[in-house]
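Heads up, the thing below is written out as structure tokens.
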Amino acid sequence: MVRHLQKKHKNSNYLRSGPSEQQGTGSKKDLSSSVKKPNPFTGSPLYDLLQVFERPQDQWVARYILILSIVLLKASVGLGLFSGQGELPINGDFEAQRHWMELTIHIPLTSWYFFDLRYWGLDYPPLTAYHLWAFGKIGSFLNPEWFVLGLSRGNESVLLKTFMRLSCLLSELVFYVPAVMQLTSYLGGRKENLSRIHQIVVLALIFCQPCLILIDNGHFQYNSVMLGLFLFSVIELLKGNLVLASVWFICSILFKQMALYYSPFIFVFILSRLFTCKKTISSTIATFQFGKLFVVSVTVVVTITVILFPFLIAARSGTEAAEQVLQILKRMFPFERGLFEDKVANFWCTSNILIKYATIFNGGELKAISLILTLTAIFPPCAMIFWKNIRRLYPPPELAIYGFSATAWAFFLFLFQVHEKTVLVPLIPSTLLLLTDNSSCISVIQWINNIAAFSLYPLLKKDGLVLQYLVCTLLVNWLLGGFLRKNWKSLLMPNLQSQALKFVIILSYMAVFAVHVLDFVITPPMQYPDLWTIANTTVSFGSFSWFYLWLLYKIYHL
């Protein structure tokens, strides 16, 4: 009898749930009757500001006040300069977005991706083009002079700037804000069992993320739309709606190709959910649902076809339709531009200080090396989470967030042709970890947000957004209690078991402070004009690499 029980216990190990699942993160028990997790933000200025809305009947008010406050913050940042302001003849991203509105409303759709590629050729996917066409139509109705074909180039009037800033805010309110609120409620409330006020505090921190505010509302882009579509996909993924998750994710990619950073992991995650956990590997493999895989595959193809349909029907022949699709792909993936642009905090730019890759390898070799390193870096998180998903009945939902974060960081660190602004892609899922972990990890997550903002400093300085950078970064750290000594160890300064990570965080903060002081006080020597920028990228790359390793460690122990 004893042997029989031991054998039964041994065979049941494949069904085991981790500690987090036993507490409710991955089980099916009703979380509404369990005790809410303690709020680690108690005592922070942000909690003090929001705790007056702690009563259930007042919490909806907190959300509306929070949204209005964030709109005010973003609008305030938008009062500053934007990318390339006054820098004729090419200007910057602001002029690029305005020009794309101009061309999409004036020239035939079949010419969108071929028009004047020497100026600001359209190099974003079709959903971005449709999005800009819509705002171009609205703007042209309000004032046709803003978008006169060819004659409106370099237009930087106050009213046009106001319209463009409002278009960005409206896009965020339609796509990004609802996605973050839904994900916070579903993951933080239903899955992680956080109290309502705890969810609202995390919601405020996500909305106050400096990097997205400074890039979209300062520098000027529409990254929030792509990120919102991605977050809608994550919500459906956590709910088990694989088909709808695929639709949202394809929309995210076809709005901005940077969403491809998430693609290997979402493929692996969906694949893992097509198995049903059994006692043995062979019996688990036998449960693979080919029908669901077929449905998801068809969904992906149909979604892409629907989005490209206007281009396909506008073409006069099958050959022209193929040329349209090929040109869109060429514009989306400009490999001829080189290994990296400007100074970005990834492996290639940092190591290029010592190894001049362009003089050793040709373009094809660099692409191959970059691909190998990227695949090597994305393999560990994808493999570990795939295994955990197929060997557990109820894997913890935070696995998905960790997986998206680690995979996106791997792409950012090693991929060919990375921009400094691309740090937004891994940073969003990393910030969502505030919903899934305990107070000991808050300092790590806030640290990587601070480093990410620091990595954008050279770009923001070029744009004339140093004041906005300082205010946004200091604001979110103050809200967390960064200037209150009693909160240092719990919320901002590292209170971690890992002495190595604690040392890295403290050392990196010291390096950030030193680089800023040097940049403000000392002009770099003429022979090394980018000295402080290189120091910035080196500190940032080292920090990002440590964070990536920390994510792998957390995934392994989940």
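Cβ atoms are placed via backbone N, Cα and C, with glycine included.
The region 'Disordered' annotation in TrEMBL covers 1-39. The compositional bias 'Basic residues' annotation in TrEMBL covers 1-11. Residues or ranges marked as compositional bias 'Polar residues' by TrEMBL: 12-36. Positions annotated as transmembrane segment by TrEMBL: 61-82, 130-151, 163-185, 197-215, 227-255, 261-281, 293-313, 368-387, 399-418, 466-484, 504-522, 534-553.
Contact between the transmembrane segment (534-553) and the transmembrane segment (130-151) is not supported: fewer than 3 Cβ pairs lie under 8 Å, counting only residues 6 or more apart in sequence. Scored by C-beta pairs under 8 angstroms, the transmembrane segment (399-418) has its highest count with 368-387, from the stretches 261-281, 293-313, 368-387, 504-522. Below 8 A, the CB atoms of the transmembrane segment (261-281) and the transmembrane segment (368-387) form 3+ pairs separated by six or more positions in the chain.
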